[in-house]
Amino acid sequence: MRLLKPAWVHHDDKQIFSVDIHKDCTKFATGGQGSDCGRVVIWNLLPVLSDKAEFDADVPKMLCQMDQHLACVNCVRWSQNGQNLASGSDDKLIMIWRKSAGSSGVFGTGGMQKNHESWKCFYTLRGHDGDVLDLAWSPNDVYLASCSIDNTVIIWDAQAFPHSVATLKGHTGLVKGVSWDPLGRFLASQSDDRSIKIWNTMNWSLSHTITEPFEECGGTTHILRLSWSPDGQYLVSAHAMNGGGPTAQIIEREGWKCDKDFVGHRKAVTCVRFHNSILSRQENDGSPSKPLQYCCLAVGSRDRSLSVWMTALQRPMVVIHELFNASILDLTWGPQECLLMACSVDGSIACLKFTEEELGKAISEEEQNAIIRKMYGKNYVNGLGKSAPVLEHPQRLLLPQGDKPTKFPLSNNNEANQRPISKQTETRTKDGKRRITPMFIPLHEDGPTSLSMNIVSSSGSSTTALTSCSAAIGTLPAAAPTESAATPLMPLEPLVSKIDLGRLDSRLKTQPASQRRQSLPFDPGQSNELLRTPRLEEHQSSTCSPSNLNVTATGKSEFVKAALDYRLHVSNGHLKTQHGMLAKVTASDSKEMLWEFYVGSPLVNLNLCEKYAMLCSLDGSMRLISMETGCPVFPAISLTSSAVHCAFSPDNSLVGVLTECGLLRIWDIAKKVVSLAAGCLELLNKHGTAAQFSVTNQGMPLIGFPSGNSYSYSTSLQSWLVLATKDAIMYHGIRGTLPRDMDQMQQKFPLLSMQASSQNYFSFTGSMELRHSESWQQCAKIRFIENQIKLCEALQSLDELQHWHKMLTFQLATHGSEKRMRVFLDDLLSMPEPGISQFVPKLELMQCVLDTLKPHSEWNRLHSEYTELLKECKSERQKDIFATPAPPQQKTASSAGSSPRSGEATGEEVTEKDGATAVAAAVVAGSRMAVTTGTSTTTTTTASSSLSSSGSSSSTSGSGSSSSSSSTSSLSVPQPAPSLSPEIQTLDSPTVCIDDEILSASSSLPPLDTSPVEVSPASTSGGAASTSPAASVAGSAPVSSSKTDQT
């Protein structure tokens, strides 16, 4: 083994937080702090390994330096294919780098410093609200996982950057590490909340939470990088505790048992990294036995030491103390070489070069896939939801229902099935301690395949067996006895003696892990699906609020929420008083602390925006706080139960909350009134706890569930609207209709954002094939778009409404008929329907539809026809849209004892504006007079009546403000119709239209007698009303009259 520390690898004496070796072992990347920025550097690996290349001036050492990050880079990771490099930083961004042709200058040097390779940022991923601490590419580069101090893990679609597939919320502390299961079935994340969460990648639900090994841990590490073994059998965590001493916890895939760990480091373990491949080595005893196969991993700690472990050894292969001057933060293995690199906060890296005799040789990818197939029945590269779920134990399909699987024993001699697999050899050391040596079961062609792992679990002298064969062997059905020549494990003393092992700290006297932790027995016949916690207990949060925290009245927990420049730090159980525990909330911005707030009950949920902070407690109380001053905006509100989600509308004018018992409330903050009060208990009973919750600017709630269903509430229908379902219609409808800039249009497209984020689109991508004819697909897509239009009208989402009208136009132009197209266009030319569609600007949509239809040459005739109709409609509506007659009204008998027929003009027309400005005019000898003022007017028609002033004459001045009433009836004035198009505008100044002649307000009107006029009773002959040829126009003084009868 050679230990190399190249001094020329540095970040100008700044910290290096991450290192990763490229798949071809020709280069490696480092990430850390630069000069007032975050820095990513790609280095040539050859000068590190070769002294000749190091001193050759023609061999470049630094290949490329990228300083585009605004803050320190915490993690760099190469993709599996080596084409992409991902970097995560304190600036909340993730950048995806790709190599481009030519060379470039180092950013910020003015071209003085040249890069030998050109790497450019092709994608910038935005979604985290805090520092990004760790990254991990999935097998086959399907996804990229990132974790942050905002307590979330985001799954990015690596095939469609910058789209995200899911946001995993469940941690209540800073998430400091993520790792993919090599089979693609699970994703593990480790957090400061003293837990590891296992997520199911098939539906991104929480599968299991592991807390026991971390109960004594503190948040003393910058990162917590955990790692899966290459065979998928074991997950090794970072910082754990055993008997007061730091350990690296071993978690078995079978039942998630946690009874074994690596011990010996004096301070917290910060990072763990398995070699990417299963290693093999021929035994050195000269026997012709098959090669020994095992896994290898490295462990780094805050005690500045590095240890390398092999599953075929009872002790660490090598331990190097004081390798750096500060904590070790990252580790990486060379996939093609026996190479290990580590980096430290002190700004340096170290490289350990092993020989194949020392470390072993990596088996080929085909051999590793064969091992995976034998253990799981499927090649792991097809996992991650791209096909059927990985079957953990395919032999179970062969078992009759009700039968229990039997063990398939193996022996280490030619006598078949003489001893059970758990047989071990036990010896005594000189000091009286027991040494238990497990029997090694090598890989062979005829029997089940496994990797034996012997791991130090307490002190340096005693070992505990961890055999992956127990999972596979324990589930095989009974079969004919098979002879196998198992080779007992050899300690490989000659190999170990060549290397200075060093000594782990022997002062740690810990009890065996089996005594410390009691794991539930795992039934091999029980599916792993049964080990999940109930869905109703998984309080996953929405995209708009942190998750509902699992806290108790006396429990302690901390979490941070950030938005823009503001940051809220919550500490439950901060202070203990004689009346109970107090929770503390601290608000700060980028410069200073703003305020402190104490709550008498633990906080289980909170959210914040630019103006306000929402605090929800365990006792069901809710507090709305001003972010600037910390003063309450609302008094404390009591809810029926604690809040699961809370969210602000995008414009910060509304705030909503959803409780555990299904209570939904939305408040208007400025008016301090409730905007919506509803219940969704029936939805919770049907789908479980809500996973997403948000509020639109129009006050519409959007609720999403882990099942893929999402809903919104309609106050007019008093019902829940179905926004999304997880079926083929939804998948095919959304497919191909997402805008290219969807990530920037989430606030303008609330419906589509909810549908895309509820896993209806991404969970089907690549896993569902449409094998049937296209006829149903075309019909289904058109009907889906039509339903989307109705949903947009209900949500009052105008931008989305225009988008779906374009989509429907394109589909009808491509697959529709002329009859169907005409029905669609005629509807847009019609007047808006009362109720939910009043806000729809139909003429604007019509223009948009015609623009979309114009490129289709086969529809030119229809386009020209409806273009002319649109022009005529605009012209007519400009004249009539604000003078729409009121619905026919019935009245009591007039003084003449008769009433006019429905729909006929009878007496006079009175026009008002907002109840304040009005101009009254009489219709003389059947002539019609309409008055238009400002931007909207209304016209009412009364029955036969007499108009008189209240004892004084009226004068006309300015635009005039008057009110008129009938002596025989009183009619309600309908609300004005909204403007449907920018082209339809009222005139800037008031105008009076008399017999189709338009006069401006400044024009001189014909002289009118302003004295009171007696109007003769209406005549019913011929159905027409007759009046005296005189009229009065009221001026600034209102005209009042006595009412004798009212309808």
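From the backbone N, Cα and C atoms, a Cβ is placed for every residue, glycine too.
Under the heading compositional bias 'Polar residues', Swiss-Prot lists 409-424 (among others).
What Swiss-Prot records for 509-518 (among others) is compositional bias 'Polar residues'.
Per Swiss-Prot, compositional bias 'Polar residues' is recorded for 889-901 (among others).
Taken from Swiss-Prot, the feature compositional bias 'Low complexity' applies to 933-972 (among others).
Feature annotation from Swiss-Prot assigns compositional bias 'Low complexity' to 1015-1047 (among others).
According to Swiss-Prot, the phosphoserine annotation covers Ser519.
Residues or ranges marked as region 'Disordered' in Swiss-Prot: 401-435 (among others).
Taken from Swiss-Prot, the feature region 'Disordered' applies to 509-549 (among others).
For 882-914 (among others), the entry in Swiss-Prot reads region 'Disordered'.
The region 'Disordered' feature in Swiss-Prot is assigned to 933-1047 (among others).
Annotation source Swiss-Prot lists repeat 'WD 1' at 11-53. Here the repeat 'WD 1' (11-53) has a mean pLDDT of 92 out of 100.
Taking H, G and I as helix, E and B as strand and the rest as coil, DSSP gives the repeat 'WD 2' (68-107) the counts 0 helix, 24 strand, 16 coil. Residues annotated as repeat 'WD 2' in Swiss-Prot: 68-107.
If you look up Swiss-Prot, you'll see 127-166 marked as repeat 'WD 3'. DSSP places the residues of the repeat 'WD 3' (127-166) in helix, strand and coil in these numbers: 3 helix, 21 strand, 16 coil.
For the repeat 'WD 4' (170-209), residue counts in helix, strand and coil come to 0 helix, 23 strand, 17 coil, using DSSP. Per Swiss-Prot, repeat 'WD 4' is recorded for 170-209.
Helix, strand and coil counts from DSSP across the repeat 'WD 5' (218-263) read 0 helix, 24 strand, 22 coil. Here Swiss-Prot flags 218-263 as repeat 'WD 5'.
Per Swiss-Prot, repeat 'WD 6' is recorded for 264-319.
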Intrachain residues whose Cβ lies under 8 Å of the repeat 'WD 1' (11-53), provided they are six or more past its termini: 4, 59-78, 80-82, 85, 87, 89-91, 95, 97, 108, 117, 119, 222-223, 329-337, 339, 341-349, 351, 353
Within the repeat 'WD 1' (11-53), residues counted as helix, strand or coil by DSSP: 7 helix, 22 strand, 14 coil
